[in-house]
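**Student:** Below are the features listed in TrEMBL for this protein:
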type     : residues                                               : note
BINDING  : Asp6, Ser7, Tyr38, Gly39, Asn70, Thr71, Thr176, His177 : substrate binding site
ACT_SITE : Cys69                                                  : active site, proton donor/acceptor
ACT_SITE : Cys175                                                 : active site, proton donor/acceptor
Amino acid sequence: MVGVYDSGVGGLSVWKELVALMPGQDYVYVADSAHCPYGEKSPEYIVGRADAVTRLLLEKGADAVVVACNTATAAAISYLRASYQVPFIGMEPAVKPAALASVSGVVGVLATANTFKGSLYRDTVMKYASGITVIEKVGRGLVEAVEKGEIPRGLVRRYVDEMVGEGADVIVLGCTHYPFLEDEISRCAGPSVRIVNPAPAVAAQTMRVLDGHVSGTGTRKFYSTGDTAVLRSLATGIDPSLSPADFETISI
Ligand code: DGL
């Protein structure tokens, strides 16, 4: 069984790619929505939450965990790997494919403040984006809107205009909540700007880590530390066969 974890509903954008690749796999998803957003909380706080959620996922039977949150990956993946036996798959800042795809030599990355502070992001930029101008845009307010099931058109317009105005011809979705705003981001950016979503690559990496091993019968269970309404609506949009009984609020 694959455990999937995010600060909230955003990790569903990764789960969508996981089920597309491995539909027969069992999945348990935890949205830490009562403690979302993680974007500007302390690394210690995020490690504490990642630890509590991981314990729950293991208790529910996960034998691999996808940390479907760029912010939690940045703060906690080293701790998790050092603390538990199961494999952890984290989010990769998709700076390399973005740098390769850019013609203008300017790439925009939309992510949380904590993701930009992490060494994973900094190392990736150093390694793959030399000679490229990387515009780092903190998507303040976007995660909160997606958690409410809203599309914050004004904020999206502002962040996209700022990146495109500086010449970006590729925009990286550096937070797993943002694919739920992809249509709006794309509409604001226009047809000449490419949007890079790392979720398919993370799903493919998960399949490699599992080595083709599908452990289950296609069960799905979703827990949230907060309200399940938006989680249910987004997940059911991805898999219409889900039923209300698949969703539960849990206190951890
Ligand atoms: N989905 C999380 C990410 O990928 C959102 C972080 C937050 O809670 O601010 O970074």
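Every residue gets a Cβ built from N, Cα and C, even glycine.
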**Student:** Would you count the other CB atoms within 10 A of the CB of Thr71 (substrate binding site), including those on all shown protein chains?
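**Tutor:** Around the Cβ of Thr71 (substrate binding site), 34 other Cβ atoms lie within 10 Å.
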**Student:** Using Cβ-Cβ distances, find the residues under 8 Å from Thr176 (substrate binding site) that belong to the same chain and are at least 6 apart in sequence, listing them in sequence order.
**Tutor:** Asp6, Gly10, Gly11, Ser13, Val14, Ala68, Cys69, Asn70, Met91, Ala199
**Student:** Determine which residues of this chain, when Asp6, Ser7, Tyr38, Gly39, Asn70, Thr71, Thr176, His177 are set aside, have a Cβ within 8 Å of the centroid of the substrate site's Cβ atoms, and list them as they appear in the sequence.
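**Tutor:** Everything else in range on the chain: Gly8, Gly10, Gly11, Cys36, Pro37, Cys69, Ala72, Thr112, Thr115, Val143, Cys175.
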**Student:** Relative to the Cβ position of His177 (substrate binding site), how many further Cβ atoms are located within 10 Å?
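**Tutor:** Result for His177 (substrate binding site): 29 neighbouring Cβ atoms inside 10 Å.
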**Student:** Please report the DSSP secondary structure of Thr176 (substrate binding site), reduced to three states.
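**Tutor:** Looking at the DSSP assignment, Thr176 (substrate binding site) belongs to neither helix nor strand, so coil.
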**Student:** Using all protein chains in view, find how many other C-beta atoms are within 10 Å of the C-beta of Cys175 (active site, proton donor/acceptor).
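**Tutor:** Cβ-Cβ neighbours of Cys175 (active site, proton donor/acceptor) within 10 Å number 29.
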**Student:** Report, in whole Å, the straight Cα-to-Cα distance of Cys175 (active site, proton donor/acceptor) from Tyr38 (substrate binding site).
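**Tutor:** Computed Cα spacing between Tyr38 (substrate binding site) and Cys175 (active site, proton donor/acceptor) is 11 Å.
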**Student:** On a count of neighbouring CB atoms within 10 A, which of the binding-site residues Asp6, Tyr38 is highest?
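**Tutor:** Of the binding-site residues Asp6, Tyr38, the most buried by Cβ count within 10 Å is Asp6.
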**Student:** What is the separation, in Å, between the Cα atoms of Cys175 (active site, proton donor/acceptor) and Thr71 (substrate binding site)?
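**Tutor:** Between the Cα atoms of Cys175 (active site, proton donor/acceptor) and Thr71 (substrate binding site), the distance comes to 7 Å.
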**Student:** Applying a 10 Å Cβ distance cut-off over all chains shown, what neighbour count does Ser7 (substrate binding site) have?
**Tutor:** 33
**Student:** Which of the three DSSP-derived classes (helix, strand, coil) applies to Asp6 (substrate binding site)?
**Tutor:** strand
**Student:** Where does Tyr38 (substrate binding site) sit by DSSP, helix, strand or coil?
**Tutor:** coil
**Student:** Give the sequence-ordered list of residues that share a chain with Gly39 (substrate binding site), lie 6 or more positions from it, and have CB atoms under 8 Å from its CB.
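**Tutor:** Listed in sequence order: Thr71, Thr112, Ala113, Asn114, Thr115, Val138, Arg140, Val143, Cys175.
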